[in-house]
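Novice: Submitted below is the structure of interest, expressed as structure tokens.
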Amino acid sequence: MIHLLTKNTLPHLICHQFIPGFTFLVLGILLTYKTISPIRTALSIILIFLYSYFIHKLFHHLPKPINIHMFIHHNHKNENNSFVKYTNLFIECLMNIFFFVLFYYIQQGLSNHFVPNIIIFYYGFVYTTIHIINYSIFHCSKAHVIHHKTGANINKTCNYGPDVLDHLFKTNYDEKIENYNHILLNIIFAFFASYYVFKPTIV
């Protein structure tokens, strides 16, 4: 993690991840500042940020007979068949949505509503659209391609994402910083989708 702060790496971190990260935080605060403090919103984002890393990693460790994630998302057989490809993408989309529905019900079960529903939706929308559109359709990320290449061997799997957490928990393939500038549109669409669904007071 310390290497992220070195003079060789920090400029790349700022160039590739600061603008989307800052935009995501500011728009998240804008969605919630009338009902909760910006500090709580920031902590909520950090919490669900961590959750998205660990739930993804957990799904890689599930036994093969019940591991839909590995069978669908990491199964590259017949990927040239358009019907199979888009059917798998649809199932993958449902699985990504399930990650955040599960988070919602975990909070419900614990009678804890620290992370507002609008932030769960906002983050989940960004996560899911990045995974389906940016990564699986347009292949915007070399880091995600490497994740698929290493995914067959659980002892070598890397680049679970988000990138900073891979560096923190030493599951990054190399020391390179993933370029997240391509997710800005996802963040903006997620903001408007969240506003449309929840209709928070902004002004």
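Positions of Cβ are set from backbone N, Cα and C atoms, glycine also.
TrEMBL: automatically predicted annotations, no manual curation.
Look at TrEMBL and you will find 42-171 tagged as domain 'Fatty acid hydroxylase'. Residues or ranges marked as transmembrane segment by TrEMBL: 12-33, 39-56, 86-106, 118-138, 180-198.
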Novice: With pairs 6 or more apart in sequence, are the transmembrane segment (39-56) and the transmembrane segment (118-138) linked by at least 3 Cβ pairs under 8 Å?
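Specialist: Contact confirmed: at least 3 Cβ pairs fall under 8 Å.
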Novice: Report, as numbers and ranges, which residues of the same chain sit near the transmembrane segment (12-33): CB under 8 Å and 6 or more residues beyond its ends.
Specialist: 4, 40-42, 44-45, 116, 118-119, 122-123, 126, 163-164, 176-181, 183-184, 187-188, 190-191, 194-195, 198, 200, 202
Novice: Below 8 angstroms Cβ to Cβ, which residues of this chain, lying six or more residues outside the transmembrane segment (180-198), approach it?
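Specialist: Hits for the transmembrane segment (180-198): 16-17, 19-21, 23-24, 27, 30-31, 117-118, 121-123, 125-126, 129-130, 133-134, 140-141, 163.
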Novice: Give me the DSSP three-state residue breakdown of the domain 'Fatty acid hydroxylase' (42-171), ordered helix, strand, coil.
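Specialist: DSSP classes over the domain 'Fatty acid hydroxylase' (42-171) add up to 93 helix, 0 strand, 37 coil.
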